[in-house]
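Q: The signal peptide annotation in TrEMBL covers 1-25. Annotation comment: TrEMBL describes 29-237 as domain 'Neurotransmitter-gated ion-channel ligand-binding'. Under the heading transmembrane segment, TrEMBL lists 238-258, 270-288, 300-327, 450-469. Annotation comment: TrEMBL describes 246-467 as domain 'Neurotransmitter-gated ion-channel transmembrane'. Look at TrEMBL and you will find 363-387 tagged as region 'Disordered'. TrEMBL lists 375-386 with the feature compositional bias 'Polar residues'.
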Amino acid sequence: MRQFINGSLQLLLLKLLYLLAKCEASDDEYRLLNDLKEGYNPMERPVSNHSLPVTVKLRIILQQLVDVDEKNQVITLVVWTQYTWNDYKMKWDPMEYGNITTLQIAHGTLWKPDILLFNSANEHFDASFPVNMVVSHNGDVLFAPPGIMQVSCNLDMTWFPYDEQICYLKFGSWTYGKKLDLQIDDSGLPSGHSIDLQYYVPNGEFDLISTPGQRKSTNFLDETYVELYFHLQLKRRVLYYGINWLVPSVLISLSNILGFAMPSECGEKITLQITNLLSVTVFLGMVSEVTPPTSESIPVIAAFFSFSIVILGLSIFATLIIINIFFRHPKSHVMGEWTRFIFLEWLPWLLLMSRPEHTFKRPVKPRHQNEDLESSGTQKSGYSEINQEEEKCRRPRLLVNSQVFNDPSQQALEEIVELLRGFQQKLEEDEEEEEQILDWRFMAMVIDRLSLFAFTALILGTTAVVFLVTPNLFSSNPIIEQK
């Protein structure tokens, strides 16, 4: 029982000693705060000589690139702005205040530089969160408010989606002018970089290439103001747009080429080409939803889709001409000599096309001219029997004319010969008409082949130009790789 009481007394004594030490520490901090606040005015610049400027160092700690709004020309960042300066009235001897070396003081209690983000697009302008200030015993003050900043940025969409953008954060004092010496705190950062990226989370759409900084002085109303520029060089990742936009569009254009491989008389060619035209139009509409409505520049992908629409429209026009020529008839259209030479002789030779067992230098017969059957050098083998019968009819005719002049059989023979001549003429006209129909169809095939080569060259050339003229297409050197 006595041991239990002794143990309880020891625990109570330790607890009392702890509370006394805590009260003493709280008392030291209380005294320190009261001593520091005594005679302190937060509107007074912390300099012993009013002619000297207050040196304020600004360090930007970028945590995340949240969004890039191309249409509204705004980027959203999660940033910690770290300000450091020295306040000569905030010094104390730690030995006099229980070895207290740092002190947290509420926002608004001490002097704070009126530094703002000049190119802010936030409706409240200053989007930083007010936090406590950390004061060291040597007078150094640390003020690091975090914030979600919306920054206006002139986004050049000329090379979208292979574009690189350079945005900047512009900080400066609103009223102090030359009374405040604003500097970039880039200590411990790689050369050429001014933003701290130790907590940066890589963005899925953009690579961060570099973060150079710049200090400028400007004059306004006879006052010199210092401005700090923190640049962000961003390069867009093209995988998403390549898979979802470019590859389907190129495949649609190539399928349009396959339409010319269909038979010339096939009407489904127009259906295929119109479907492709509407598909590319949808992609162009998607681009217009992303890009800003400006006339300063046209995105290269929009130009590519526009050229694709023009090419698809021309291919539809060419297909209509091909189908029209294919179904032409000699009774409504006559092929000229130059047309025949170009489309039936020269272009087929150039395109390595030929018609089996056919020569193009075929004489054209008048359709309604009676010629002597014996002098015709273009008779086909199918009419040899008719010629033989006519010869047989001619021989007895001479004999009869020399003997009998009014034989009834003579008139019958003449009628038969006339019927045979008319039948032969009809066959020749049908053959000529069929030959001319085949000429029109072959001409349609020639134009179809020519269109195949021409539109293949146009589509491949347009695609190649888009990839060749785009700068830095395959180069990317992000500061922090995506994990």
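Going from the start of the chain as shown, residues are counted 1 onward.
Cβ coordinates come from backbone N, Cα and C, glycine included.
What TrEMBL says about a protein is an automatic prediction, not a curated fact.
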Q: Which of 238-258, 300-327, 450-469 has the most Cβ pairs closer than 8 Å to the transmembrane segment (270-288)?
A: 300-327
Q: Against which stretches of its own chain does the transmembrane segment (238-258) lie, if we need a Cβ under 8 Å and a gap of at least six residues from its ends?
A: 161-162, 205, 272-273, 276, 279-280, 283, 286-287, 301, 304-305, 308, 311-312, 315, 452, 455-456, 459, 463, 473
Q: Is the transmembrane segment (300-327) packed against any residues at least 6 beyond its ends, judged by a Cβ distance under 8 Å, and which are they?
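A: Residues 158-162, 241, 245-246, 249, 252-253, 256, 259-260, 264-265, 267, 269-270, 273-274, 276-277, 280-281, 283-284, 287-288, 291, 440-441, 443-444, 447-448, 451, 455, 458-459, 462-463, 466, 469-470 contact the transmembrane segment (300-327) from elsewhere in the chain.
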Q: Near the transmembrane segment (450-469), which same-chain residues lie under 8 Å Cβ to Cβ, leaving out any that are not at least 6 residues past its ends?
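A: For the transmembrane segment (450-469), the far contacts come to 250, 253-254, 256-257, 260-261, 300-301, 303-304, 307-308, 311, 314-315, 318-319, 322, 347, 351.
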